[in-house]
């Protein structure tokens, strides 16, 4: 699998630096631009939707949810659980509501999950927190009718880890009907050899334990639909990871599609979820409507 093992340290750093691959903006401005776009979109979403913000699902400072309710939530409703990126060390739920308006207008609740990013949060902790957030949602909101995971970048990794959860210890089994994994990393081992691990401080054992690629289980009859999304201007390594992970799921019997989106990079591939007409917005709504 590992062409990455033959790369120089410098080449590997480049491959796992998404800001270096966008044709729109240079690497020094694109992350600031991404923060500005997602923060502004979240502000608009909070102003236009009925919300419950900073709902604690645990005792930790980072263990909070922002919930954007659908326009009519008098009955049951599906929920999209959004798990933010930021290489497990930046961003937060507070910039993660930008995708809510097109969804809440169609009867879908959106939940932005907060978790303890590094260096405060350890990789094992982040995975556990996201799993616990889902168990909390199911217990606290019985009106939820089906859960759809959506994660971007590091959030796609965390969403993929949720798919392989032994729910017996949580005493509840979330009804996960779909997962949309956008520009994710599914094998953490290459990360060990890059700047990204400076804050994460993962050992090889931790990276392997938390690599979805290493824990692909055979699909059970109730297994959800999985959509693996990659951007045209993601790096070759990000694109390889998405392709190989989707292939591994398919080989294990999962219902999986790989969506390769043209003319977007690692950042606007997710930013555009604020737009009704964006292809990925429509694909997500179609996935939910089919259930």
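Every residue, even glycine, has its Cβ placed from backbone N, Cα and C.
Unlike curated entries, TrEMBL annotations are predicted automatically.
Taking Cβ-Cβ distances under 8 Å and a sequence separation of 6 or more, the neighbours of residue 153 (active site, nucleophile) in its chain are 18, 85, 86, 87, 182, 183, 184, 185, 266, 270. Among the features that TrEMBL reports, active site, nucleophile is placed at 153.
Around residue 234 (active site), the C-beta neighbours below 8 angstroms that are at least 6 residues distant in the chain are 18, 21, 183, 242, 265, 266, 269. Taken from TrEMBL, the feature active site covers 234 (among others).
Annotated active site per TrEMBL: 266 (among others), in sequence order.
Among the features that TrEMBL reports, domain 'BD-FAE-like' is placed at 65-167.
In the motif 'HGGXW' (84-88), helix, strand and coil residues by DSSP number 0 helix, 0 strand, 5 coil. Feature annotation from TrEMBL assigns motif 'HGGXW' to 84-88.
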For the domain 'BD-FAE-like' (65-167), residues assigned helix / strand / coil by DSSP: 37 helix, 26 strand, 40 coil
